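Student: Submitted below is the structure of interest, expressed as structure tokens.
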Amino acid sequence: MSGNQSLCTRFTFVAFSSLAELQPVLFLVFLILYLFTVGGNLIIICLVGLTPSLHTPMYFFLVNLSFLEVCYITSVVPLMLVHLLAETKTISVRGCAAQMYVFTILGLTECCLLAAMAYDRFVAICHPLHYTLRMGPRVCLKLAAACWTTGVVVESAQITWIFSLPFCGTGKIQHFFCDVMPVVKLVCVDISHIKIMFFAVSVLFIMSPCFLILCSYMRILVTIFRIPSAAGRRKAFSTCSSHLLVVSLFYGTALFTYLQPKTAHTPETDKATALMYTVVTPALNPVIYTLRNKEVKEAFQRVTQRNPLRQTA
């Protein structure tokens, strides 16, 4: 670290600095998406809680995923909305660390939860006679606990290491939130070892759940193709189509962001991809799990039909 560099105590976000005239419009768009995402996921949580027929392993994991999505988008979007209207778009180093802790822990936990949901579908379709035994309440709780524990332990260690290093320079982050790589670029010391560590963690803890999901769905597809009737195949595939679509959206953006070559990274592409996995994808999840899920739609109709306010109207 050269002698003329001062340590940073605050960071400044410059992601939307070139879009000053559009910031009020962006504020309105992101606010609507945020409220829709939070409201949609809370509706799913309430529907599962109020409907005994949905008290199954699949919907247990869906409740975990919906709760995670609410926390995930809340860790990024409210502060971004404030910065879209404020002239000073700064955050303290401790505040940046807190945001990165929450965001990365929830992101890794979601990877693991999607793998647990794929395993649930694998057991349901490939081993239906043993489903109750293999996916009992204790097993589901252990799987969910393992997902959350993995996210907390791995990302807490990684982010603690990053923020134990000194930051210097202008403190300008070419992003709209404290993502790992834009913040790491402000570290004063050599960051080659950090990049190696980050890539290793990404490969191990993003690709491993992805590999488990692919293996589960390969077995699921083989089992579905062996079902003699077309109606049976459609019914079997419909039980996992929503999850498969969510997995495609999540891992598509995650792989593009964290595993693409260094030469392909530009501030513009990074910000566009980050908007996809922090704002757009969480907003699509409740839509996918309601419009494409017959049981959830039926539960919603039953709950609204027995609503006292509706009955007295």
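Quick reminder: no glycine exception, Cβ is built from N, Cα and C everywhere.
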Student: Per TrEMBL, which of 272-291, 292-311 is transmembrane segment?
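Tutor: When 272-291, 292-311 are checked in TrEMBL, transmembrane segment belongs to 272-291.
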Student: Across the domain 'G-protein coupled receptors family 1 profile' (40-289), what is the average pLDDT of the model, as a whole number?
Tutor: 87
Student: Based on Cβ pairs under 8 Å, which of the stretches 25-50, 62-86, 139-163, 196-222, 272-291 lies most in contact with the transmembrane segment (98-119)?
Tutor: 139-163
